[in-house]
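Worksheet: the structure to be examined is printed underneath.
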Amino acid sequence: MADIHNVTEFFFLGLSSNQEVQRVCFVIFLLLYMAIVFGNLLMVVIVAVSRNLGSPMYFFLSSLSFVEICYSSTTAPKLIVDLLAEKKSISVWGCMAQLFFMHFFGGIEMFLLTMMAYDRYVAICKPLHYTSIMNRQVCTVLVGMAWMGGFVHSLAQVLLIFHLPFCGPNIIDHYFCDVLPVLKLVCSDTFLIGLLIVVNGGTLSVISFVVLLSSYAVILFHLRTQSAEGRRKALSTCGSHVTVVVIFFAPCVFIYLRPTATLPIDKMVTVFYTVITPLLNPIIYSLRNAEVKKAIKILWIRATKVDQK
């Protein structure tokens, strides 16, 4: 079997070969990435400094926002630089590192969204026991489990790919290293590896997605017994969560539930869940949450007073 180091670097085809399009994309993605970092960092700061946002839901939301910054940072900076570069290359080790961290933070986000659904289930279906069940120690352990789950998921993806022989060609028809585009460059049979990748990535995404939707279905069923005001508040919060779940999991299921097949639309779908989703999350949670909007207003007033002094 050929050694992986027969190929020392990979080259990306990127989003487009048209230089004018690349320059326009450079401006667009630079602005989008800056907005991602600013929006999610704002959520982390607001939850950290606001006394009114001390509930477990905001603890998970703060963790999610931090992960979103890391998640988008595994692909967006390289994409932005490559849009102005003639040579869009990455070393084999750099490729494996990018693949690892993308699935690491993506896996964490997947598990965090599941835990946020559980948090809403306890808050709505078992309100009298909420504070005892979802105490800070439990929330910290759950977040730690999310990070561990992301690590195991990502390590499995990298181990499935890393030992395979890359003999050439070394052109990746994508703008970053992901399992399916990289798998196409392997010079051996990848059918079994493709199935294992589906089990680790695609099936996990589908199961998590179904569990999440089932949890919110149970919550909606339980809301029948609550007052109109209680239903309104619960639906507003759960509506934000369901929106985030759908826009994150639907593209992931579409991409990772196919063993070795790649489609022309894959690049745009990938842009959606690596760039657009991290951008939309803080917007969705802030615009649909009165407490977050109030905390942002208070933080703005404080910052204005400091500037005036």
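Glycine too: its Cβ is placed from the backbone N, Cα and C atoms.
The feature domain 'G-protein coupled receptors family 1 profile' is assigned by TrEMBL to 39-285. As annotated by TrEMBL, transmembrane segment applies to 26-50, 96-118, 138-162, 191-223, 235-257, 269-287.
By the Cβ criterion (distance under 8 Å, sequence gap of 6 or more), the transmembrane segment (269-287) is not counted as touching the transmembrane segment (138-162), fewer than 3 such pairs being found.
When Cβ-Cβ distances under 8 Å to the transmembrane segment (235-257) are tallied for each of 26-50, 96-118, 138-162, the top count falls to 96-118.
Using a Cβ-Cβ cut-off under 8 Å and counting only residues 6 or more beyond its ends in the same chain, the transmembrane segment (26-50) has close neighbours at 58-59, 61-62, 65-66, 68-69, 72-73, 76-77, 79-80, 83-84, 275-276, 278-279, 281-283, 285-286, 292, 295-296, 298-299.
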